[in-house]
Amino acid sequence: MSHHLFLPVVIMVVSPIPPGAFQDSVVSPTQGEFEDLDCGDCGRPEPSSRIVGGSDAHPGTWPWQVSLHQGGGHICGGSLIAPSWVLSAAHCFVTNGTLEPADELSVLLGVHSQDGPLEGAHMRSVATILIPDNYSTVELGADLALLRLASPAKLGPSVRGADLALLRLASPAKLGPSVRPVCLPRASHLFAHGTACWATGWGDVQEAVPLPLPWVLQEVELRLLGEAACQCLYSRPGPFNLTFQLLPGMLCAGYPAGRRDTCQGDSGGPLVCEDGGRWFLAGITSFGFGCGRRNRPGVFTAVAPYESWIREHVMGSEPGPVFPSQLQKPQSGPWEPREENCTFAQPECGKAPRPGTWPWEAQVTVPGSTPCYGALVSDRWVLAPASCFLDSPHDFETWRVLLPSRPEEERVARLVAHENASRDFASDLALLQLRTRVNLTAAPSAVCLPHHEHYFLPGSHCRLARWGRGELAPGSSAQLEAQLLNGWWCHCLYGRQGETVPRPGDPPHLLCPAYQEEEEAGLCWVDSSWSLLCREEGTWFLAGYRTLSDGCLRPRAFSPMQTHGPWIRHVTQGAYLEDQLTWDWGPEGEETEKQTCPTHTEHGACGLRPKSTPAGVLWPWLTEVHVTGDRVCTGILVAPGWVLAATHCILRLGSTTVPYIEVYLGRAGVSSLPQGHQVSRSVVSIRLPRHLGLRPPLALLELNSRVEPSPSALPICLHPGGIPSGASCWVLGWKNPQDRVPVVAAVSILTPRLCHCLYPGILTPGTFCVLYSEGQEDRCEVTSAPPLLCQTEEGPWVLVGMAVRGNRELFAAIGPEATWISQTVGEAHFLHLGGSSYWSPEGSDLCPQDLAGSASSPKVTALLLLLLLAPLIPR
């Protein structure tokens, strides 16, 4: 039973009672005392008190509640409706369309605690299981791991209608104070909207949090919702962006605000409502989207519509179930809203009128240590890094917590560190319980936490907030603003090479911000630690956290909070875990496909570009090199502070002055790139390799400051070898040097022999040539010296060469200059693609007469000869 939130991943299995302890007999020595109890006196438990709000039931309060066992453990609940009959949910006994054998099930009656039987408790075998012929399905077309059913193994791609089952016992139950039948409503019985009813069971107390020992029967008060009100709530997207259409015979109970509900393991149990001094079985626990989630009430099978079906199948049983007449028809109260005028409950957490001033910020002070910052996650619990406290004496009398707008400091009752806190950076978390509950208002208030299936959408507005020990932000407030990177960029840029990128709905390994403002020069963030807050529909979630950075740059990757929801929920039993609020996936829908991250080099990721990205949108290493005199050249970012360009475009022949050069990244012509920001840098030096008697074809431009790696400014990988093998290659450039929108042209690299034959006497060492695919020769203009890029399947992009002056087919290779680049740059990303040498044998005698020097002959003739004489390097 739950008054919080739940995800159905654990089936409650309890088997403390030894096998054979009952053997269809009564435990109590006074077993015959109540054999003549009047079965017509249904729905009248022994007088007792009960605790409101989802808690332990008093023994004997709900004497019709039974526990269904299979394989020695509890699987579902049920209700005794006659000495030989139990009513439960059909889905408890159907797996893949097949009904479970009745002889594998048993019914435990008169039990209050699963840890030990009461007097009068006894077990009965099941003789027969009956389900309606119209036990049907409603296809949702989505992953239904969220649905609360009896067992995850029994989940299917649908929600069941007519979800009820009759179980005939092998021998009648022994009636007594703890074993009595419940009344059944007639088909004409009406339960008023807003009626306070009660659900009972031994299910999970929260999502994925089983009922703890001694497994005492739980009860929770729920209010009935009318069909219009319930459908209104379920018509709004919720977990996994699912909506749901109620079927006839379904009944809803709960609250728009959630936090009280049934949970997994309660399936088949009773929802009873009092009417005229009797308790009627109004519904059977069927399913739900999580447990106790906001605007997601529990769904029950209404019993009244099945009066005829029940009577038909129990006919001849004496005594049978009782269907008392309803003394007075109720009228729905004002609580029932109209569907077109439905009001949704809003989150009770994550409200910050002034971002940057966080009403949940908690400052924990321990004698002898600097303050540690965390976040208030409920009215009694603070979440903070465990590393703040692992070496501190646990003398909680001296610990204090300062909360916003609280004149006095709070005292600490206990500390619960994550079990992996000392071994795993991603589990560096601890929960501090306050001695007294805090009245949550505008300040202090709690931050929202994400469920494990929460998918923070790419582009979500996020912000850094203080976390753990460390200094304040060294820069302006704008330095803390960020948008969230999509999963592919995050995991492939900052995660492990070759890892599979989690799909939306699966817990991510990392969360990564893309900062909106560039790093301020001279600042270092090494002494500060941060959490990542992300906003959805005006509500802030604690999305991730990171302790002290390992460098001066702002933190790039955060440990996600999604994976820790079950632990936080289990410890606090009151933290504000909130459903996803934003579902506008926009252009990032391609992330639903399985993707793997390319190889990294020793300096990290390079040459990353999503497969599905349009050619003119994102080439994060492509730079515009603006040279004095309105000349614009193509450049390639090869390290955070270096750009590679063609010498002939940067330096004019005969010029003795060094031009002023500006470099721009993060834009495609006049448009800025998504997932990042435009970057500009000035060039402070131009480096050329030493070439005896020849002007070197490549130049390195040193930038005045480093460029932060991002999807809009990322170094490319460099190929240090010869002609790459098994790679597809393209020339990347601009169709029009005025608008500078990137275009690519597919090419094949020719063998050294063919290249030598086509250009005899004019090839310099380290030069190679390409053949354009049909119709692509004129896609890129050549004055800006475009680069040649290659990529192997699933691999990163690699720079192979830069165009030679005035020629679209000839390129200066990167390989011969690899040593010079490595010595000059230091952080260049080299990735060898294999392949053959660039050098070819000298002498025209090795070239066919018709081919030698035929580079300017008609292309058709040249292409035919090339195809006949030598293979092309495959694209």
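Each residue's number is its place along the chain shown, starting with 1.
Cβ coordinates come from backbone N, Cα and C, glycine included.
In Swiss-Prot, the region 'Disordered' annotation falls on 320-340 of the listed ranges 257-277, 320-340. Within the set Cys492, Cys512, Cys552, the cysteine that Swiss-Prot bonds to Cys524 via a disulfide is Cys552.
According to Swiss-Prot, Cys512 forms a disulfide bond with Cys490, chosen from Cys490, Cys492, Cys534. Cross-referencing Cys462, Cys492, Cys597 with Swiss-Prot gives Cys462 as the cysteine bonded to Cys534, criterion being a recorded disulfide. Cα spacing between Cys462 (disulfide bond) and Ser267 (active site, charge relay system): 39 Å, rounded to the nearest whole number. On its own chain, Cys197 (disulfide bond) has Phe191, Glu221, Leu222, Arg223, Leu224, Ala253, Leu271, Val272, Cys273, Glu274, Ala282, Gly283 as residues at least 6 apart in sequence with a Cβ closer than 8 Å to its own Cβ. Cβ neighbour count for Ser267 (active site, charge relay system) (all protein chains, 10 Å cutoff from its Cβ): 32.
Cβ environment of Cys790 (disulfide bond): His719, Pro724, Ala727, Ser728, Cys729, Trp730, Trp797, Val798, Val800, Leu833 lie under 8 Å away, each six or more residues apart in the same chain. In three-state terms derived from DSSP, Cys388 (disulfide bond) belongs to a helical segment. In sequence order, Leu246, Cys252, Pro297, Val299 constitute the residues six or more apart from Cys230 (disulfide bond) in its chain with CB-CB distances below 8 Å. For the disulfide-bonded residues Cys92, Cys263, Cys462, Cys729, the largest tally of other C-beta atoms within 10 A is found at Cys263.
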